[in-house]
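Pulled from TrEMBL, these are the features on record:
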BINDING   Ala10, Thr11, Gly12, Lys13, Ser14, Thr15  ATP binding site
Amino acid sequence: MIVGLTGSIATGKSTVSKMFADAGAVIVDADKIVREVQQPGQQAFQEIVDHFGKEVLLPNGELDRAKLGSLVFGNEENRLKLNAIVHPRVREARDEQTRATLARDSRAIIIWDIPLLIETGIYQEVEKTVVVYVDRETQYARLLKRDELSAEAAEKRIAAQMPIEEKKRYADFLIDNRGTIEETQRQVQEVWAELTRLQRERSAR
């Protein structure tokens, strides 16, 4: 079974992803794959440098993600170009990880942890979708604290994403991450219990 997990910036999706991993899910982390395909020596790395120039490199030869982000954020042409370079490689690695997992255990519950699950249409490729959410005020406060952004920069980051209320409409399961860790854990356990029940039913057919 393949399940999509998403949220918006600073909603705590990574925390929820780890809880699912602890429960027994196999996590395929899109952000981790992005970092891997952008390492020096990878084809995507070279294409990024060829297009955006050596100004996106750190002194040690690795990508300066902050610099690259500043070139892409708010620039639609640059964003589309970066996506065209990175997304096919991410999809290839994601699918390979998924195939390898299912070859080992056909009953595995695999969670695709993808920030842009809805926006990219990938939600149509999964069997169930889990959306992690908080209210905008909590999101804003967490973003200020976590990334040490200015108030204006935080607002721009939030405004640049699909509104969380819209994402919630795509969800089979919602996890409200405004409360305590224990409250989030309880919701994750409830969703996990339902996913494992569905998987058992399928296996029994």
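Just so it is clear, glycine is given a Cβ too, placed from its N, Cα and C backbone atoms.
All TrEMBL annotations are machine predictions without curation.
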> Does DSSP put Thr15 (ATP binding site) in a helix, in a strand, or in coil?
Replying inline: helix
> What other residues of the same chain, not counting Ala10, Thr11, Gly12, Lys13, Ser14, Thr15, have a CB atom within 8 A of the CB centroid of the ATP site?
Replying inline: Gly7, Val16, Val132, Asn177
> Do any residues at least six apart in sequence from Ser14 (ATP binding site), in the same chain, have a Cβ closer than 8 Å to its Cβ, and if so which, in order?
Replying inline: Asp113
>> When DSSP is mapped onto helix/strand/coil, what comes out for Ala10 (ATP binding site)?
In response: coil
>> If you count other CB atoms within 10 A of each CB, which of Thr11, Thr15 wins among these binding-site residues?
In response: Thr11
